[in-house]
Amino acid sequence: MPFSNSHNTQKLRFPAEDEFPDLSSHNNHMAKVLTPELYAELRAKCTPSGFTLDDAIQTGVDNPGHPYIMTVGAVAGDEESYDVFKDLFDPIIEDRHGGYQPSDEHKTDLNPDNLQGGDDLDPNYVLSSRVRTGRSIRGFCLPPHCSRGERRAIEKLAVEALSSLDGDLSGRYYALKSMTEAEQQQLIDDHFLFDKPVSPLLLASGMARDWPDARGIWHNDNKTFLVWINEEDHLRVISMQKGGNMKEVFTRFCTGLTQIETLFKSKNYEFMWNPHLGYILTCPSNLGTGLRAGVHIKLPHLGKHEKFSEVLKRLRLQKRGTGGVDTAAVGGVFDVSNADRLGFSEVELVQMVVDGVKLLIEMEQRLEQGQPIDDLMPAQK
């Protein structure tokens, strides 16, 4: 398990080749990048909080691959991980984020007025719309590496900040450990709450230690603005509602997020961010905006079409099953969202989803009438 530094010194008694993990059957980004030479070069290093290379890669060693998506296979334990282990993380980031270079700069745009349209996605097809991101609080270790005290301090800070929100963002906090089993399951089934920590990716990285201590969910009174505390990231901020008004969802998201950041700053805390990687999060796949704008969309015909995957790829979108990353589609309903996180601004990513979903609906309508969709095939974005 992560968080043990004396153990790292112990390991160094063995030569690097004796400690190098067997990655022969692995299909993840870490396994593509990590060579015995790189392992030998980085294994003795650690961040100021004691996070090591072996801590970073453990989840990818224990989880060779995923049937639906290519996993990353490495996590950060603190803000410095991306710097201390940059020789591992930079190629992973480049591979994962479409050639993003170590010299590239990330751009942020949380002004919902810059989004064109998006308030009229057809509710006959779009069942719900959702935008989420993560935020990490500077000065604390990230979930794979944080201590109980750090986790509890993050919970306390977050709850204090969130309780200052007012208007339609005002709400309350529900600590996981004080929820009944039934309450918890209801929130999970309604897609409001993260699952119990059964995901091997969470378990192997050390993120599920001490569960459910200092974990919880804050949401406003009508459950359209939610904040998860201490799951994979310090904070996961989510705006969601039924139907196809992505503009409204994104506007609430930007307003709430900006207010939360201001509240943290008033307590002398800021979010981890730098000009190259944007917002720093636990998993390299979420760097940059950390943003996933998604819709649950009914595509019974297009979902079975041989060109469906190609269409999504060209639109820079990805599909997941109805229940999230580890699930299959039920009743022709897919969770469709932006594939990118880094190198595009928040507005650009939501725009891609809005424009792409409109085209998917047009294609579905064509197929309903038994007509071809070849002339609607998009160019690569």
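Using N, Cα and C of the backbone, Cβ positions are placed for all residues, glycine too.
Pulled from Swiss-Prot:
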- Val72, Glu232, Ser285: creatine binding site (BINDING)
- 128-132, His191, Arg236, Arg292, 320-325, Asp335: ATP binding site (BINDING)
- 96-110: compositional bias 'Basic and acidic residues' (COMPBIAS)
- Lys45: ubiquitin cross-link (CROSSLNK)
- Lys107: ubiquitin cross-link (CROSSLNK)
- Lys381: ubiquitin cross-link (CROSSLNK)
- Ser4: phosphoserine (MOD_RES)
- Thr35: phosphothreonine (MOD_RES)
- Tyr125: phosphotyrosine (MOD_RES)
- Ser199: phosphoserine (MOD_RES)
- Tyr269: 3'-nitrotyrosine (MOD_RES)
- Ser309: phosphoserine (MOD_RES)
- Thr322: phosphothreonine (MOD_RES)
- 96-122: region 'Disordered' (REGION)
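For Arg132 (ATP binding site), the nearest of the recorded positions by C-alpha distance turns out to be Ser285; the candidates were Lys45, Ser199, Tyr269, Ser285. Considering only the residues assigned to creatine binding, Val72, Glu232, Ser285, the longest pairwise Cα distance works out to 14 Å. For Ser199 (phosphoserine), the nearest of the binding-site residues by C-alpha distance turns out to be Val72; the candidates were Val72, Ser128, Ser285. Of all the recorded positions listed here (Arg130, Lys381), the one with the fewest other CB atoms within 10 A of its own CB is Lys381.
Sorting the recorded positions Thr35, Ser285, Ser309 by the number of other Cβ atoms within 10 Å puts Ser285 first. Closest in space to Thr35 (phosphothreonine), of the binding-site residues given as Val72, Glu232, Arg236, Ser285, Arg320, is Val72, taking the CA atom of each residue. Counting only the Cα atoms, the space from Arg130 (ATP binding site) to Ser285 (creatine binding site) is about 19 angstrom. Nearest to Ser309 (phosphoserine) in space, judged by Cα atoms and limited to the recorded positions Tyr125, Ser128, Arg236, Tyr269, Lys381, is Lys381. Put simply, Val72 (creatine binding site) is 32 Å from the residue listed as 'phosphotyrosine' when counted between their Cα atoms. In the three-state DSSP classification, Ser309 (phosphoserine) falls within a helix. Closest to Asp335 (ATP binding site) by Cα-Cα distance, out of the recorded positions Val72, Glu232, Tyr269, Ser285, is Ser285. Using a 10 Å Cα-Cα cut-off from Val72 (creatine binding site), none of the recorded positions among Lys107, Ser128, Tyr269, Lys381 qualify.
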